[in-house]
Amino acid sequence: MTKRQAGNDNERKRASKVSAEPRMERVPRGKGNAGAGRARQADFVVIGGGSAGVAAAMRAASHGASVILVEREQIGGTCVNRGCIPKKMLHYGATWAAILSGCLSHTGGREDWNDAIVRVKAEMARLHASYTQRLQEAGVQVLRGEAMVTAAGEVRVGGDTLQARRILIATGSRPAPLPVPGGELASTSDDVFQWNGVPASLVVIGGGYIAVEMASILSRYGVKVDMLVRESRLLENFDEDIALALAEALTAKGVRLHLNTDVTLLDQANGAIEVCYRQVEEGAISGSGSSGSSSGSGGNGGKNGKGRERIHSVRAQAALAAIGREPNLDGLGLEALGVAPGQRGLRVDRQFRTSVRGIHAIGDVTEGPQLTPVATAQGRWLADRLFGRRGERADFDVIPTAVFCEPAIGSVGLTEAAAIEAAGKPERIGTRIKRFVSLENRFAGNTMPSVMKVVYNARSGRVLGVHLLDNAAPEIAQSIAVALRLGVRLSHLETTMQLHPTVAEELFG
Ligand code: NDP
């Protein structure tokens, strides 16, 4: 072997390692070599190593065929070398550059809370004006004041008495107060949107939607966040695989998770808030690892009744309680009228009637899911029913939902645990889970995996739930919701053409 040949060979080896593409054997061009080379047998010869050829070759090989793939240039064809992949990555770069230069130009390229909140407030103001105008244009009179239902068909607002055959309670909900001594020291999500600056450090109490979103967002704005979660995992109502992957992503971002905790006391001293909590040691991702935390005497038991319990405290500039929301019912006078409460809000039937004739309720004030689109759909349907033609009822059984953390979560349908519970036996439920690093993350130089999980009926293949972790997840969950409603099966996902390169394509094919 000549020096040059050896050099070429080494180069080829290096290149094949770096690009991780299959090492290609070089066959000289031209007819002159016909018949001069080795004879090869194959079950399948594929000419062209682009998306089509590679897919065909690989699938054939997986069925045991001997396959030869012939490609004259780099493997991957147009998509990888001259099309989708480089284009999409440059598109990300361009989009981010536009966003970054647009949003962060005043702040030297760093996320800045003060700047962000000004933008948020401007949008709120725009929406207020727009709502007011639309109400006016629709001929709705808007009266400012506190309402009290004084009788079926009668509402008092200050000195005014309003009478109507039908009354709708849509007063919404508010953050639940933290029921421990000093609980009033904790801010709520309502307060956060009024903050003119962010605290240097924050203890977030809760492990649901709001706690996760706030912890994720605020840590991006430079806040050191400790999360105190009562359960052994985040987002109890979401699929476990997704919640676990999110916990890893948050931890990697610097959010310190303390699981199996039970907050007992908040105290204020020297400009800081100290949050005391009990913690069952088992299952903690980061029990007492935070710089501002300390631990004390032991004990037994805990919320889950297992493991050794220790008392800890964590100090921070502020605390935020996000432990659920409770219905706004104070001062409405409904109790006196005999309107029956439910467990978490007003109890209503399928037609949103309370127990008192003529009084309806929708939205967060009822026991249903506390989600804006649900409330909107309820309102429109009820108004149609009461005053117009019967509208088509929204499907409240399939509600896509998202958690706007980073990466975001999108979810629709049953979690694996809920599906198994409904089916009675684990073997009746199948799951398909994919973990992959998105192109977006590759471009940004991080290898945080995205997760996609499909839960299906093992016998019929009917898809029962789709759960996603990726910044594109909410958008995908919205679209896939319609497929779930229409009874989509795994085979439909497998035979639907993918749109490449997207995150959503990982669900298909
Ligand atoms: P969630 O019901 O989602 O979560 C409440 C969390 O607080 C749970 O982890 C719960 O734990 C915990 N908790 C309850 N009481 C205590 C306590 N005393 N001490 C410590 N932890 C406690 O409520 P959120 O406040 O996060 O959100 C309210 C609702 O708002 C959501 O249900 C959702 O419908 C809506 N929302 C929707 C969003 C979206 O669509 N993106 C965003 C934000 C809110 P445990 O399980 O042990 O009770």
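Count begins at 1; order follows the chain as displayed.
For all residues, glycine too, the Cβ spot is worked out from N, Cα and C.
A TrEMBL annotation is a machine prediction, not a hand-curated record.
Around the Cβ of His500 (active site, proton acceptor), a 10 Å sphere holds 15 further Cβ atoms from the protein chains shown. What TrEMBL records for His500 is active site, proton acceptor.
If you take the C-beta of Val212 (NAD(+) binding site) and look for same-chain residues 6 or more apart in sequence within under 8 angstroms, you find Leu234, Leu235, Leu246, Leu250, Val403, Cys405. What TrEMBL records for Gly206, Gly207, Gly208, Tyr209, Ile210, Ala211, Val212, Glu213, Gly324 is NAD(+) binding site.
The compositional bias 'Gly residues' annotation in TrEMBL covers 295-304.
Positions annotated as disulfide bond by TrEMBL: Cys79-Cys84. All protein chains considered, the CB of Cys79 (disulfide bond) has 18 other CB atoms within 10 Å.
Annotation source TrEMBL lists domain 'Pyridine nucleotide-disulphide oxidoreductase dimerisation' at 399-507.
Annotated NAD(+) site Gly206, Gly207, Gly208, Tyr209, Ile210, Ala211, Val212, Glu213, Gly324; additional same-chain residues within 8 Å of its Cβ mean position, judged by their own Cβ, are Met214, Leu235, Ala322, Ile323.
Looking only at the recorded positions Cys79, Cys84, His500, the one with its C-alpha closest to Ile210 (NAD(+) binding site) is His500.
Candidate recorded positions: Gly206, Gly208, His500. Nearest to Cys79 (disulfide bond) by Cα distance: His500.
Ranking the binding-site residues Gly206, Gly208, Gly324 by the distance of their Cα atoms from the Cα of Cys84 (disulfide bond) places Gly208 first. Close to ligand 1, meaning a Cβ under 6 Å from one of its atoms, are these of the recorded positions Cys79, Cys84, Gly206, Val212, Gly324, His500: Gly206, Gly324.
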